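*Asks:* Copying in the features that TrEMBL gives for the protein in this structure:
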- HIS89: active site (ACT_SITE)
- ASN161: active site (ACT_SITE)
- TYR371: heme binding site (BINDING)
- 42-423: domain 'Catalase core' (DOMAIN)
Amino acid sequence: MIQTVSAVRDGHRPGFRTSVRVRPIPKFERCEQLSERVPYTTDDAGLPAPSDRFSESVGANGPLLMQDHYVIQKMAHFNRERVPERVVHAKGGGAFGELEITEDVSAYTKASLFQKGAKTPLLIRFSTVAGELGSADTARDPRGFALKFYTDEGNYDIVGNNTPIFFIRDPSQFSDFIHSQKRRADNQLRDHNMQWDFWTQTPASSHQVSFLMTDRGTPKSWRHMHGFGSHTFMWYNADGAKFWVKYHFKTDQGVQNLSADEAKGIEAADPDAHRRDLWTAIENGDFPSWTVNVQIMPFEDAAEYRVNPFDLTKVWPHEDYPEITIGKFTLNRNPRNYFSEIEQAGFEPSNLVPGIAMSPDKMLQGRLFSYPDAHRYRIGPNYLQLPVNQPKAPVNSYNFDGPMNFEAKSDPVYAPNTAGGPVAQPERYDGAGYHVSGDIVRSDYALHKEDDDFSQPRALWEKVLTEDERTAMVGNIVGHASAPEVTGDMKKRVVEYWTNIHPDLGAGVAKGLGVQG
C-alpha cells in the first residue's frame, strides 16, 4: 500500500498503521507549532505551511512527490534570492540616519533640505569599488560614499567617494578603467600589471592614485573616513542666482587609517570588518556622524579660474574657496534586512531637487544615464517602487505598468490631458539654466592657466603628507608594483609615472623596485 506523507505528516497517522517507523518531531518544535504566541508558518501566498521539516514522499523512505508545491516554492524562491551584483561598488554596507542643517545657506540654494533647521531622513551606503560581493573590506581601493536624502521635494542623491577626485575625467574611459582594475578575461585573476598599464598611460589618474597609495587607501573603518560629493554641482537660490558647489563630509570620529600590513592582517581575520564595525557601533548606540561642509564658487568665477573647476581629477584649493559648515548628519539605524534595504538600494546622480542642478562635469554628465540604467537592469524597471528607493514625497508620474509594478494607476496615463491629471510646474526649476555655445567636438577640457595633471598630486606630496606618510606611500607603491605579474618594463613606467610628480618620490620607488636609472 502506497502511503503519501499526508498520511504520516510530521509523525501523525490518521487511522491506519504502517510498519515504517518515523522519527518523532522534537518536543520544542511541537510546542512552537501549537503555541498561540508564535505565528504559524505560511507559504508566500499566506497558506498554512504543511511542515517546517519534511517533504511529501511515498512512505517515509520513498521518492518525493511533485504535488508538494510548498517545498517546490521554497526551492524555486531560493534559486532567485539574489539579483546581479553591482558591476562596481559590489561589496558594501549601509545604515539610515538624519541630516540636520544648522546654518543659513538660503542665499545660495532654495533646496528645502538645505534650509536652516531642516531635518531630512537619509540612507548611506559605503563600499569598495573593484571587489566583488565576497571581497575584503580592507582592500586598497577607494570607498564609495553614497547618500540618499528623502526630502519633501523628492529624493536627492549624492553619489560620492571617500576622495575628492577620481582617476579619469571623461566617461568614455570609465568601462576601460574598471576592466583594468577587476579580473583578467583569461584566468579571472586580479592583475597589478594591468592596473599599472592603465594608470601609467593615463596621467590624469595621478592625483587619485596618489591618494590611493597613501594609507588613506586603507581606512580603518567607514566611520573613520571623510566623504566627498567629488563632482561640482550647481546651486541656485529663490532669486535665480547661481553658484558652483562641492560637498565635503568630515567624519566626527576622526580620520584613522591602516598600514598595508594591518589591512592584510584584518583581511585574513575578518573580510567583513568594516561592515561589522558600522553595524556594531550603531547597535551599541555609538551613532557615527559627519559634519557637512561645502565650498561655494560664484557662477562667474568658473570661466577664468586657474584650474578647470569641473575636472573631476582636480580639487579647488581651500585658500580660494574655504569650506563652510552647514550642518551634520548622524547614522542611527541599521538595516532591518540587508538585501531589501541595502542591496536593492539604487543611488542615482540624476535625482536632483529644485535648487540643485548639474554642472558641465563630464563624469557627472556620464553618470546621469548609467546609474539609473544599471538599476533597471539589476533590480528591475520599477525599482523606485521598492520601499528603500521610494520617495517620501508624493509621486505623480505618468509612467505605469512594467515588470513588478505595484501601483494600480488608472487613467489618465498621458500628458497633456483634460481629465484632471497632474501638470508640470517648470517654475520650480527657474534658475537651473545657463548659456553654453560651441562646436560639436570630441576633446579633452579646454586648458585653464594652471591645468596640468601633476601639480596637485605634487602639492599632496610636498605640503600635505608628513614624512612618515611619504615613507608609507613609497612602501605601498613598491609593494603593489612588486606583484609577480608586474613586468620589468612596467616597473620602469611606474618609476617614470611617480617621477613626474616629484623626483624624490620617483627615486624612492625606483630604489624599492630595483629599477636602475
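Cβ from N, Cα, C; glycine included.
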*Asks:* Which ones in the same chain are close to HIS89 (active site), with CB under 8 Å and 6+ residues apart in sequence?
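*Replies:* Listed in sequence order: ARG125, SER127, THR128, VAL129, GLY144, ALA146.
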*Asks:* Calculate the per-residue pLDDT averaged over the domain 'Catalase core' (42-423) and state the result as an integer.
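*Replies:* Within the domain 'Catalase core' (42-423), the model's average pLDDT equals 97.
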*Asks:* In angstrom units, rounded to an integer, how far apart are the Cα atoms of ASN161 (active site) and the residue listed as 'heme binding site'?
*Replies:* 15
*Asks:* Does the residue listed as 'heme binding site' have same-chain partners at least 6 apart in sequence with Cβ under 8 Å from its own Cβ, and which are they?
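*Replies:* The answer is VAL159, GLY346, PHE347, GLU348, PRO349, SER350.
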*Asks:* Using DSSP with the three-state reduction, classify HIS89 (active site) as helix, strand or coil.
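*Replies:* Looking at the DSSP assignment, HIS89 (active site) belongs to neither helix nor strand, so coil.
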